[in-house]
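According to Swiss-Prot, the features are:
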- 256-302: domain 'LysM 1' (DOMAIN)
- 321-369: domain 'LysM 2' (DOMAIN)
- 382-450: domain 'Chitin-binding type-1' (DOMAIN)
- C385-C413: disulfide bond (DISULFID)
- C407-C419: disulfide bond (DISULFID)
- C412-C426: disulfide bond (DISULFID)
- C444-C448: disulfide bond (DISULFID)
- 461-831: domain 'GH18' (DOMAIN)
- E582: active site, proton donor (ACT_SITE)
- Y583, W808: chitin binding site (BINDING)
Amino acid sequence: MYHNFDQLASCQESLFYSFSFLDPVDDAHTGHHIYACTSFGPDWGNLPANTTNLLLQSSDAPEPVNGTYQIGYWPAATGSSVLSSLVTLTNQLRQYLVRGLGSIDRPTILFARYGSTSVGLYIGQALDNRGIGENVLSSLSDSIASANASLAASVAMQFCEPGQTSHHVFGLIATGNGTFDSVQAALSSWSKAKCLTFPVVQNITGTLSLVKPLFNASYYATTVHPTRPPVSHATSTSSNATSVRGRALAPRTTCSTVQVVSGNCYDSLASECGITLAKFLQYNKVTDDDCSTLVIGEHFCCSAGQLPDFSPKPQSDGTCTTYTIKANDNCETIAASYSLTVDELENYNNDTWAWEGCNPLYVNNIICLSEGNAPMPASLANAECGPQVPGTLTPARGTNISTLNECPLNACCDVWGQCGTTSDFCINTGTGAPGTAKNGTNGCISNCGTAIVQSDKPATYRKVGFYEGFNLQRPCLYQDVSQIDLSAYTHIYFAFGALSSSYEVQIPNGTATGTTYEFDLFKQIVGTTRILSIGGWAFSTDPSTYMIFRDGVTSANRLTMATNIADFIKDHDLDGVNIDWEYPGASDIPGIPAASTDDGTNYLAFLAVLKNLLPDKEITIAAPASYWYLKGFPIKDMAELVDYVIYMTYDLHGQWDSHNQWSQEGCPTGACLRSDVNITETEGALSMITKAGVPSNQVVVGVTSYGRSFAMAEAGCYGPDCTYLGSADDSQATPGKCTQSAGYIANAEILAILANSSRVNENYIDIDSNTNILVYDDTQWVGWMSEGIKNSRKSVYQGLSMGGWTDWATDLQKFNDAPFTSTSWTKFTSDVILDVDPYVEGNRTGNWTSLTCSDAAVQDALYMPCSQRWSELDASNAWSDAINVWTTIDEPKLGNTEPGFTLSIMNTFHAGESMNCGSIAPNGACSTTETCAWFEGFGDSGESGPAAMLIYNSFTVINELTDKLVDQAYSQLWYAINGIAATYIDNQLSDFEDTFAPVPPAKSDEWLDILIDLLGLGLTAVAAPFFDGVFGALPALEALGEAGAQVAQDVTYSAIAYGVSIATSTLPSAAPGDWTAESQDSFSATMGSVLYGWSNATANQLYTLFNGSETSITLLTTLISDGKLIEGSGGAPSVGYQVSDSTSSDVEAFIGKAFFGYSIPTLWTISGSAAFVIDSGYPCSAQNPLTDYMTASTQESTYACYNDNLYYLVYPDGTEDGCSDQHEEKCVKKYFTAPPGLDTLSSTTWGGITLSELIEGSVNTYIANGNANGGPVADPMDALTLKDLSNQNITTPGYIRLPVCTAQVAWASWTNPAQSNSSASGYPCNPLQGVTKCSGYTYEDETTSASPSVSDCKTLMKNIAGTSGEWTTGIDGQRAIAKYGTCKFGVQNVGVTGDVTYNTGSQDIVNIVTEAISKYEWEGHVGAKGYMKCSGDAGSQKVEWGLY
């Protein structure tokens, strides 16, 4: 149940409703009782038929008769044409009726909406529901079209004849303005047997299927005055108006009875009784035969005797007799039906749940019809708390049912059964009976209030600084542990530790990125508490690691995991551990399955074990400041085990909010510029956790040294109601130069921007959110916390008796110079990776120059591990010294060039000047390993040492390694194309377009963008698995087992990330790869040219790897460190530039998967095939559920099961009406079909791409983008993307980007070409477009306090957006053509006389109102006027518009 339509605004599917005729559901400012469910199109048809209902309606039914139906419409009604949406809805209504799902003992009443079309259906219980569905609704759309009502914004159809009761009335009404007031009024009229009057009407004859015979009114025409009105409503003259005719006061003979229904008069009642009118009047002592005094529900005698007493008695347990409200009920009819007065009915319900009196009654509420205890209320399918949670048992008498099923975390429960922590949920506004709330509020029934619960002050106010141990991986903004200002903190947290699949603690990416070095330094901190934080967002949510926490806390594994963690903390003499699991029980984290609801209790049990194993250490956990995620934590019980909670009161908002209507109050799009550290929301979060039972002195509150950034939708609009660009997975904010993550920018980077005043547009403190706001480069917006704001927050939190504060993170605060002993951060990071102490000073370090070829590490190479040889020959210091010579002496002289760097290194090692390791082997004389004696022979004293041999030979492996890939992805493509590509790719390219795009796409500038995207992505997908296999087979790493495999993967990621950056960079003219991305004559040729791009990028990578830049030196250091590329006891690296058959086969598979996985869906898109993925809404067990949209054979050949959801890959073939372009007289219905070429996919063609991969990739892209289409192309520099592509997983988000939607959304787009642009992005899953008839809009501000509310104007736009609404207006004056609530949009012709009309389209209104709001919104109001040119029957005309 929902309390207003705003809660359903983002739903794009068909919606079916149940609500009272008398509930003004269009009023968004008051509460309602709206029951709703969605349909993906075929849902009613796939439910089991109610054979009992079907049998009951057909048994003893009279023969069908011919009936006269009226189809009418209102030409002047505002709104858009209902025809297209009505087709969708009537098909589903037919399924509902034909399967016996309607009512049989009362009228069938149903409300529905699709797009801006609202529909109401009424079928009296004397009419056969199935017959209405089969015979009437099946032809409704054609009938409307033939009645010239196809463009009407309000259409109705009825069978409603004078003299018949409401039991024999059928009506359907559709309006195109998105509202239900006129729909409710129509159904209310039909329920009273009052027919609608149409301005334009057409009568048609059709079959009328009956359950009971029609009343033959002519038979009684001479007996009953023909002008006497039948009953159509309950009469009432006072609050006790309902008469109780002849209520039996004592036992005596009672009569048989009949009940009054709408439309009855005494003659029809007598007919129901089967007696004459005279007898009927006699039995009931009726002297005045005026039917207007009859009351619906009232009983009359059909025989002699006393009218029975129908008033109920209490149930045996003392509970009152109950009644469930129906859509067409009111108090008068209920009272009359049960021999009660309205006053009695009111008195019986003073304590009934949600009773707010008779006006209105709410559908499905359970009320009392007698004295007695109030009943339990009806359950609500979506209730989370309170007495209406499904399955709630009736408690003992005297129990306050408001306290049943309290919310997790002691959160507030509102009257709708929803849990929350804001004032919307937490203020009790009850109006009397339990479960009520003041109009326009949600009320509160349990755990009300938002106050922060303060405990005693903490014994120590904690000052926690997080240190990102991985910060040396960034291209800049480094901090060594030694540079942390320890005086500012009581605790330093090292982020992050990780766990292996066997629950061993690891420092991830340790040696390769310097994290291990920083961790070792972290352990040496004295005077400050040292805590290792294990987990974090990435570890908790990465597809490869998310199960470690989930499985680790289970009973089978928790002791092992806890023991390993405890041993690690004790072995490293740390002061404690923090567990950062994000988040137990989470159901909606993109890319991974929903978690178990048992996670929380398992986590608690794990913490108990861990605490027992570390009784003298600090144990803490991280917890989210979000109710949605925190409710998965048994946080009160956890607080009793842990020392305190790191409370993440940041990231309250971010790019991920886009398209999420629940993420931001007052922002239905979710894309408003909001602070991620808003003080009001933070205080609400503090209330939540302290109300949940965590003492405030155990809550360590988060502050940040970074900001959340957005790309503003409009320059100059930077307030909290202004919006940003991009979808949930596509931030368009400028990345920081060091953090390199769009939407996230370090304080150090912010301060650097502020230092350049030319970039700064606005810089201020927003008082309401207590946040620094920076607007720069015109459209870049950042919410952040300066030191001043952080200090003020810290004081506030201390005053609230919080346990302290925690700052993420120390290394984001400022730019640090390299530690004083290092000449640069490049030198420092290289030393760290090499395990060389960067703080040792001197020209030559270590003993490498004094070692000789007689050393055991040289002589016994085949019997000593690689890492030991590297260490004993002091190669790390040798490399460090060589780099020092380059950066301090040679680079300033030679410049940053590839030959210069190689020359410098070779000179340092006295290895000759002819080496050029940046050239493809065998060129450059860097492809052959040399013996130690060769190096020792240079120089007078052999001071190169054997270390030079290890380093040089490592270079040759790199050279050959890179050339190995070149031979596969370059030489075999570039030289004669007679290898892999020639036979595998190029031969298939000739058939590629013919297979997947029989009509080839026209040449487009878009081809170049696609080619460049594939250049980086494809290189990653080809090279990553290749490098991972090569590095994993190195003797140095193979000997390390699982740890070695992890190192190989880390090195691969570093190499590939570097290669991708080179592939898309501008390189010097001397670079060997001179390929340029250019469009070719055909799409297939254009895409095929990327193969040359990959090979050239590989050659360029080798060239730049030896150019002496900071990034190249860092990668070289990673590659050669610890002896990865030398021979040892495990053997020598088997790398040469000749290519084996097995390697060719592997790379063939890599290339095929990378190329065709990207190119096939892209070709479908640009060729206009418009292939897309249907989300059926059904589990995988469903059998062909979409027969309305696809044939059974298509469903069987295009489906895939993913996460137990059934999906289909299809496309809209041909024209929407099922006809060919010649439009034959008879057309066959068209269905979605398999896109061209899908049937040719196999394990031996097109790279082995599968149907499942195409579907899964598209769905992953859709989900990662916040369940929205239009997500960005995958970023090969993204860690998750890199990991996926390294595993040849092309289903990573952003690689395959076919749109995803339900069948009915796509069908609406396909079948309404006037409202859908088939060339638009996302077709046919894009929303229907509005109509544009005007141009040249001008604007003038008219906003005052009396202007319409912005919220009403936004609702007006929502109601007409994407519709075919078109208004034709004459010149006779101003006309309001669209309105909602306080907001009206009107037009008036300017300066044209005569018989002239002009047109205004729905999109014109949307465009104008959107711009007016952005320009003139003031204190929630907007008013404006202006001019435009609109098309009309006399050409383009000047029209004045007004928003008032």
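Cβ coordinates come from backbone N, Cα and C, glycine included.
The Cα atom of the residue listed as 'active site, proton donor' lies nearest to that of W808, taking the recorded positions C419, C444, C448, W808 as the candidates. Relative to the domain 'Chitin-binding type-1' (382-450), the listed stretch 461-831 leads the set 256-302, 321-369, 461-831 in CB pairs under 8 A.
The subset of recorded positions (C385, C413, C419, C444, C448, Y583) lying with their Cα within 10 Å of the Cα of C426 (disulfide bond) consists of C413, C419, C444, C448, given in sequence order. Note: the CA-CA distance between C385 (disulfide bond) and C448 (disulfide bond) rounds to 13 Å.
In this view, C412 (disulfide bond) is surrounded by 31 other Cβ atoms within 10 Å of its Cβ, with every protein chain counted. The Cβ neighbour count for C419 (disulfide bond), using a 10 Å radius and every protein chain shown, is 24. Note on the domain 'LysM 2' (321-369): DSSP counts are 14 helix, 6 strand, 29 coil. A coil conformation is recorded for C407 (disulfide bond) in the three-state DSSP classification, outside any helix or strand. Counting only same-chain residues at least 6 apart in sequence, those with a Cβ under 8 Å from the Cβ of W808 (chitin binding site) are F466, Y650, G702, V703, T704, S705, Y706. DSSP assigns C385 (disulfide bond) to coil in the three-state reduction, outside any helix or strand. Of the candidate disulfide-bonded residues, C412, C413, C419, the one lying closest to C448 (disulfide bond) when CA atoms are compared is C412.
With a cut-off of 8 Å between CB atoms and residues at least 6 apart in sequence, the same chain places E384, C385, C413, C419, S446, N447, K631 near C407 (disulfide bond), listed in sequence order. Fewest other C-beta atoms within 10 Å: among the disulfide-bonded residues C413, C426, that description fits C426. Taken together, the residues in the domain 'LysM 1' (256-302) have a mean pLDDT of 92 on the 0 to 100 scale.
The two recorded residues, Y583 (chitin binding site) and C412 (disulfide bond), show a Cα separation of 22 Å.
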